[in-house]
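Data block below; observations after.
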Amino acid sequence: MAAPTPSNRIEERSGHASCVRADADLPPVAILGRSPITLRHKIFFVAVAVIGALAWTVVAFFRNEPVNAVWIVVAAGCTYIIGFRFYARLIEMKVVRPRDDHATPAEILDDGTDYVPTDRRVVFGHHFAAIAGAGPLVGPVLATQMGYLPSSIWIVVGAVLAGCVQDYLVLWISVRRRGRSLGQMVRDELGATAGVAALVGIPVIITIVIAVLALVVVRALAKSPWGVFSIAMTIPIAIFMGCYLRFLRPGRVSEVSLIGIGLLLLAVVSGDWVAHTSWGAAWFSLSPVTLCWLLISYGFAASVLPVWLLLAPRDYLSTFMKVGTIALLAIGVCAAHPIIEAPAVSKFAGSGNGPVFAGSLFPFLFITIACGALSGFDALICSGTTPKMLEKEGQMRVIGYGGMMTESFVAVIALLTAAILDQHLYFTLNAPSLHTHDSAATAAKYVNGLGLTGSPVTPDHISQAAASVGEQTIVSRTGGAPTLAFGMAEMLHRVVGGVGLKAFWYHFAIMFEALFILTTVDAGTRAARFMISDALGNFGGVLRKLQNPSWRPGAWACSLVVVAAWGSILLLGVTDPLGGINTLFPLFGIANQLLAGIALTVITVVVIKKGRLKWAWIPGIPLLWDLAVTLTASWQKIFSADPSVGYWTQHAHYAAAQHAGETAFGSATNADEINDVVRNTFVQGTLSIVFVVVVVLVVVAGVIVALKTIRGRGIPLAEDDPAPSTLFAPAGLIPTAAERKLQRRLGAPASASVAAPD
């Protein structure tokens, strides 16, 4: 029988649902639901909108009385419901227009290693775990310095209108191009000049991003036997789950999920016991350098092993811990009704001289929150691993848009863990050592001088707060992660266990942070491998083979290049705490948002090329906002005369001290530290310029191509010809009644995918 073509599409309508066939001789490959919105649904969505509007009113305008954290959770939840049901649906209908009779890259190129059609629940778990890393946890905690109101608005509204849109549409254009990487799509759609800039610049950006994420993991796990044991156990558990689904019980996702959750909980609980044994403390109390090498080895393995064996099941497994803990925190907010201690808008929002980070609300609030609302890193996953696992185009909305929406909710909860803390303790945790000298007495004096509302803090209060979580000190525990753990412990002990379990929850939170962030390191490494392969393949000759992921020598070689790049920077940061990656951390937010600018540029151009100029505002408005934020931030970082903001000004000040033979200057306490600052500010400033040049080249090329397209003279659309699908799978995480009925008819396990017979 001749292979069917997409033009053979047949729809058989039955009631409010239609069965879609790629060919009359094949079983259905999709169910299209066309049920009109009922009165009950209308009442529900109107009620959600009204409740959400009321919650936002309380959050935004109540100034003379304390605001309960529950209002922010309600406002966020209602906004997400309306956004997903209506705005995401608008994008699906007007821009994406999914065709489930078209085969996805996973179905067309199924090789059992990189391209593997995977159950949408596992894909959602992998995708969410891969995109949600340090950004949505740490960024909102640091941004609390500016107040809870601007942060909460940007996290929620920014995600619905920008972050979720970017993720959904990058996934869409990558799926339509056989899962190509972001850099390769820039070259294909915008031309060679922009393509070269992107294929060179994006790998540099992603290297820094992965190294920063890995450093947070190392810091969390160093000398933490509980965390090391529990996270190490997720690897054999994931391999077991992968083999179980692949060989023992194919399609039984719910079954293996229950087994995996049970084993994961056992690993978490037993980790506390192991940490208190002599052998456990000896085996799993690892130095930062040892953890670096183990993390590098794991990243390489996750990049080259079949995606079904380690990466996908481990990310899916981690999602249960991530979502479960965030849900527990949300329940804690609703049960404990904590009062927000942070001001709606702090004085640091305007002055720009806050102790946590320097800079005014615009643009640095948006840079600091980073992945919580809009994440360029997500675009790498949406054009990396996820499109190579997707079963059907109809699943893109729940995975792309819904995945980022879930990440945004994580950021909301992270914001609340910091906002409910006594603000004197918040700034005690986050004030630099330069101001506190790591002393409770000095910290109390410094924090009390910030002009915060509420009762002044005492050294005894600070010491008691540290003792309550089993720590020697909480003074100047900068970086955001310790504050998040302290806030999580503060919230969870009110709901489960009381004061006696506060220390347990604190150390659980440290382990949770490492588990949460590690999934972005492994998926990011694999996505970067695809990008390196695409970039080198453009040189032609024998390197052309690198663009074929099935060529294993190329996959191994590119993976080695990627882990060597971020691993070397990670080792530098660990062995030289004052230099290397620590000084690159301020670049993380800007680099991430500049990457989003590249992704949104490509999306906007593709929408125009497809003849949907009328809807180009959907990605176009977020693009303009992102460029305004990131280019302003980059300008200030490069040219500001304030040494706390401008890299080159700080470089000049420390270089002058170096030339004068100073042995101490600013935050540097000796000559070696002065040399470190001089070197690292030079690297920071140089990379800032490089990143801006790359983005400007891509945006200018995008504008030129878009204008030529409108005039009928643009570069042709680089979309691959569709291939007919022979695979059926439900579109949503929960199958509809019609989908379940068809599944039973086809004899598949509940909710699983089914391949049509040849």
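Yeah, the Cβs are placed from backbone N, Cα and C, and that goes for glycine too.
Quick look at what Swiss-Prot annotates:
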TRANSMEM  42-62  transmembrane segment
TRANSMEM  67-87  transmembrane segment
TRANSMEM  153-173  transmembrane segment
TRANSMEM  198-218  transmembrane segment
TRANSMEM  256-276  transmembrane segment
TRANSMEM  291-311  transmembrane segment
TRANSMEM  320-340  transmembrane segment
TRANSMEM  361-381  transmembrane segment
TRANSMEM  401-421  transmembrane segment
TRANSMEM  498-518  transmembrane segment
TRANSMEM  561-581  transmembrane segment
TRANSMEM  615-635  transmembrane segment
Of the listed stretches 67-87, 153-173, 198-218, 320-340, 615-635, which one has the most C-beta pairs under 8 A with the transmembrane segment (361-381)? 153-173
Let me check one thing: do the transmembrane segment (498-518) and the transmembrane segment (320-340) come into contact, meaning three or more Cβ pairs under 8 Å with sequence separation of at least 6? yes
Using a threshold of three or more Cβ pairs below 8 Å, and leaving out pairs closer than 6 in sequence, do the transmembrane segment (198-218) and the transmembrane segment (153-173) count as in contact? no
What else in the chain is close to the transmembrane segment (615-635), if you only count residues 6 or more beyond its ends and a Cβ gap under 8 Å? 91, 94-95, 161-162, 165-166, 169, 359, 362-364, 366-367, 374, 589-590, 593-594, 596-597, 600-601, 603-604, 607-608, 688, 691-692, 695, 699, 706
List, by number or range, the same-chain residues at least 6 past the transmembrane segment (320-340) whose CB is under 8 A from its CB atoms? 66-70, 72-73, 125, 128-129, 132, 148, 257, 260-261, 264, 268, 406, 409-410, 413, 416-417, 419-420, 488, 491-492, 494-496, 512, 515-516
